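Visitor: Below is a structure I'd like to ask you about.
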Amino acid sequence: MNTSEYGRAGGARTIGLCLLVALLEGLDLQSAGIAAPRMAHEFSLGAAQMGWAFGMGALGLLPGAALGGRLADRFGRKRVLMLSVALFGVFSLATTHVWNFESLLAARFLTGLGLGAAMPNLIALCSEAVPPRQRSTAVGAMYCGMPFGAALGAAIGVVSTDPAGWRHVFYVGGIGPLLVLPLLALWLNESAQFAATRADAAGPADASVAHALWGEGRAATTATLWVSYLGTLVVLYFLLNWLPSMVMTRGLTHAQSSFVQVMFNVGGGLGAIGIASLMDHIGRRRTVVGMYVGIACALALLTGASDARWLAGGALMCGMFLVGGQSVLYALASAIYPTRMRGTGVGAAVAVGRLGSILGPFVAGQLLALGESTTMLMASSIPLVVVAALSALTVVARDRAGVSVLSAE
């Protein structure tokens, strides 16, 4: 497909609508962490039980991502995205009506299922709406909606001060997606690249999952990409879910805690678009090295911070490099796999990363319940960052050696 076949106006509209969905997804993903202190008080839940609540939401992301990506290659990105948005909207609203611990787990799992299915379709739609040389920027522009949505959720947490106010963020996270559905139906175009593969006899239905992931020289690249996703998301989701509670243990007020969370997400939004677009200009290797060095430094700063000002600064840096780094990984994944199997490949990588989003909050909750300090948990995240960095650099090195398919259409 040549550049003239990418409609500039249509591509911008696609990225804009996907950004709007990503904003709502970011709000929903952050909502449990924002609501956690007051939710735990209302239902008399301990740290270990809240870890289960966070983990069940993340558990839904894993099959959701794998299934959403596979269905996207069979039935189209637009259809599956709309179904995903409807699913996480309905069950975010259902979270406001939970009556005990078990109903909370069920509502968060089903919300996570919809959230997980949406992301591979957002990545595929954005990466296929622009020429390959602009792919990282397009994915980053979409993904910056995630942290800004989370920042919106944190702002809702600041203004909702009454004990039952934790439900407000779930009302917004449920009604918003349902209002967006008509916009997607009317104005979101199906990927032109995907539509072209439908006319090919060797189209999406003929590409097995095994071939999509491991065929045509992609085996080692897929494996190392998965490791980088897993390590990065363990750290990211530990912070997303436990940062509000963690900073309150250091003597901050509820309002100060929410401000720190807002700074984390503002940094994430700036990093998502900034770091991803940087990759289109200075190359993958330099970008990956810089972002993982930034993650390690930011974690060290947050670990040693003791007052609100330094905690906010550390949170800003963590958001910038961790969330921004995630947009880089998404851009890499979208480039590895050709169009007819892009949904399957991206969905599988996102699903593996979501395993990290389960392990991070759950393991942290169990360790905190056993009396481990948040400082120890933060410091122990740095070795995971090193492993993730080496894996991502391996993906890039294979591309430089001509082994992988990072220029795939």
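Start at 1 and count along the chain as shown; that gives each residue its number.
Glycine is treated like the rest: Cβ placed from N, Cα and C.
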Visitor: Give the range, chosen from 189-210, 255-276, that TrEMBL lists as transmembrane segment.
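Guide: The range carrying the transmembrane segment annotation in TrEMBL is 255-276.
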Visitor: Relative to the transmembrane segment (345-364), which of 50-68, 138-157, 169-188, 255-276, 288-305 accounts for the most Cβ pairs at distances under 8 Å?
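Guide: Looking only at 50-68, 138-157, 169-188, 255-276, 288-305, the most contacts with the transmembrane segment (345-364) come from 50-68.
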Visitor: Need a quick answer: max count of Cβ pairs under 8 Å to the transmembrane segment (169-188), which of 50-68, 80-99, 138-157, 255-276, 376-397 is it?
Guide: 80-99
Visitor: What mean pLDDT does the predicted model reach across the domain 'Major facilitator superfamily (MFS) profile' (14-400)?
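Guide: Within the domain 'Major facilitator superfamily (MFS) profile' (14-400), the model's average pLDDT equals 86.
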